[in-house]
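Colleague: Sending over a structure as structure tokens; questions will come in a sec.
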Amino acid sequence: MEGKGVLEGRYEMGRVLGHGNFGRVHAARDVRTGRAVAMKVVSKDKVERAGMAEQIKREIAVMKMVSHPSVVELHEVMATRTKVYLALELVRGGELFDRIARHGRVGEGVARRYFRQLVSAVDFCHGRGVYHRDLKPENLLLDEAGNLKVADFGLSALACHARPDGLLHTACGTPAYVAPEVLAGNGYDGAKADLWSCGVILYVLLAGALPFQDDNLVCMYRKMRRGDFCCPPWVTTDARKLIKSLLDPNPGTRITVAGLLETPWFRKTAPVPRPIIADPAAAPVDTRGNAGDDKDEPPEVLNAFHLISLSEGFDLSPLFEHDPAASPGRATARAGGTRFATREAASGVVARLEALAMGGARVAPSLLMVDVKKDGGDAMEYRPFFSEELRPALKDIVWSPAAT
């Protein structure tokens with residue numbers, strides 16, 4: 001397959017564009033449409049040996065959640081026995097980092113354009129409960145028209161990853177761009193941490209250097225905690241004020257996206273770009289979990305990728321795991337519950353599962369995705385219960401493609 005230069009009869013593989021820790025990126029062409037893509041080839045063996053399988057799966061799921069003009073698009077995911085292939089939007093202009101390294105700081109008008117696109121993408125991600133956590137010029141790409149695209153969601157987190165205190169606790173990111181509260185180890189708000197990183201990026205755009213620089217990391221972190229930086233004289237007063245409000249070491253008083261959008265520097269001249277939603281499936285989701293607020297709303301209509309992500313038969317686990325017992329059309333056991341598709345009416349499913357927590361999402365008018373979770377008890381006891389009692393009781397309502 002790969003020896004012929006064509007992947008799955010669908011993508012013609014071209015030259016290598018770059019290498020990463022777990023594989024390489026090729027230029028490729030979709031032979032069905034002629035579209036040029038960047039094909040990220042990930043070695044399963046390297047990923048598994050590094051213990052990074054969950055991170056790769058999370059990156060894939062997150063990228064399909066955040067369809068936005070200023071986010072690199074993930075077109076398709078494929079897998080073989082040894083590799084995972086990610087067909088990504090090909091962004092030909094290279095990294096923002098390289099542009100600054102070659103040409104130095106940018107003018108205020110160009111900086112404003114890049115920054116607006118960055119904030120639009122970040123705000124959209126936050127609206128869907130996604131926090132990037134590694135925003136930096138190396139992860140910002142430029143297309144041929146000079147538009148900015150956010151890339152590399154490998155360290156991203158979802159709102160559901162927060163602990164009971166509502167905060168994230170995993171310290172990650174790039175030292176020069178990470179917020180001081182992330183390093184403190186007491187938990188942090190992912191949205192506020194991303195905005196700090198946006199502040200560092202804005203400073204780099206306008207100054208051509210980092211705001212906090214020191215050969216000693218401890219000294220650099222000390223400067224960050226104090227907010228100890230100064231802007232070069234060519235940075236305008238309005239830009240200085242915005243940078244200062246973004247690089248506020250106190251996350252409680254740090255400017256929010258809503259406040260940022262109203263600042264004079266951000267609003268100057270051109271209209272503020274707002275997140276663009278391409279289709280209903282990409283609409284922002286309220287992550288606050290107020291179940292009582294949507295009792296009259298219809299179930300969410302899922303697109304094909306959401307179906308793949310939710311269905312136990314078609315989830316992302318097979319990218320790195322092989323379970324011979326799992327196949328489309330069978331409900332399969334997991335430590336916390338099970339998922340299956342069914343054509344049974346919702347009332348019929350509820351009647352069979354009234355002793356368990358049940359959640360459904362409409363995939364099509366006649367097809368439901370059912371998520372069954374155990375209320376408590378030991379996971380080891382759940383598996384025999386599932387195999388011997390629950391699965392047989394559900395076998396006539398679990399849908400499979402062959403049943404259509």
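Every residue, even glycine, has its Cβ placed from backbone N, Cα and C.
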Colleague: For the annotation region 'Activation loop' in Swiss-Prot, which listed range does it cover: 62-91, 152-181, 182-211?
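Modeller: Result: 152-181 is the stretch Swiss-Prot calls region 'Activation loop'.
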Colleague: Once LEU17, GLY18, HIS19, GLY20, ASN21, PHE22, GLY23, ARG24, VAL25, LYS40 are set aside, which residues in the chain still have Cβ within 8 Å of the Cβ centroid of the ATP site?
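Modeller: These residues sit around the ATP site: VAL41, VAL42.
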Colleague: Only counting partners 6 or more residues apart, tell me which same-chain residues put their Cβ under 8 Å from the Cβ of HIS19 (ATP binding site).
Modeller: VAL25
Colleague: Measuring Cα to Cα, how many Å separate ASP134 (active site, proton acceptor) from LEU17 (ATP binding site)?
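Modeller: Here the two Cα atoms are 22 Å apart.
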Colleague: Other than its own, how many Cβ atoms are within 10 Å of the Cβ belonging to ASN21 (ATP binding site)?
Modeller: 11
Colleague: Near LEU17 (ATP binding site), which residues of its chain come within a Cβ-Cβ distance under 8 Å, counting only those 6 or more away in sequence?
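Modeller: LEU17 (ATP binding site) has long-range Cβ partners ARG24, VAL25, HIS26, ALA27, ALA38.
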Colleague: Sequence gap of 6 or more, Cβ distance under 8 Å: name the residues on the same chain that satisfy this around GLY23 (ATP binding site), in order along the sequence.
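Modeller: The list for GLY23 (ATP binding site) reads LYS40, VAL41, VAL42, SER43, LYS46, LYS83, given in order along the sequence.
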Colleague: Within the region 'PPI' (335-356) only, compute the mean pLDDT.
Modeller: 60
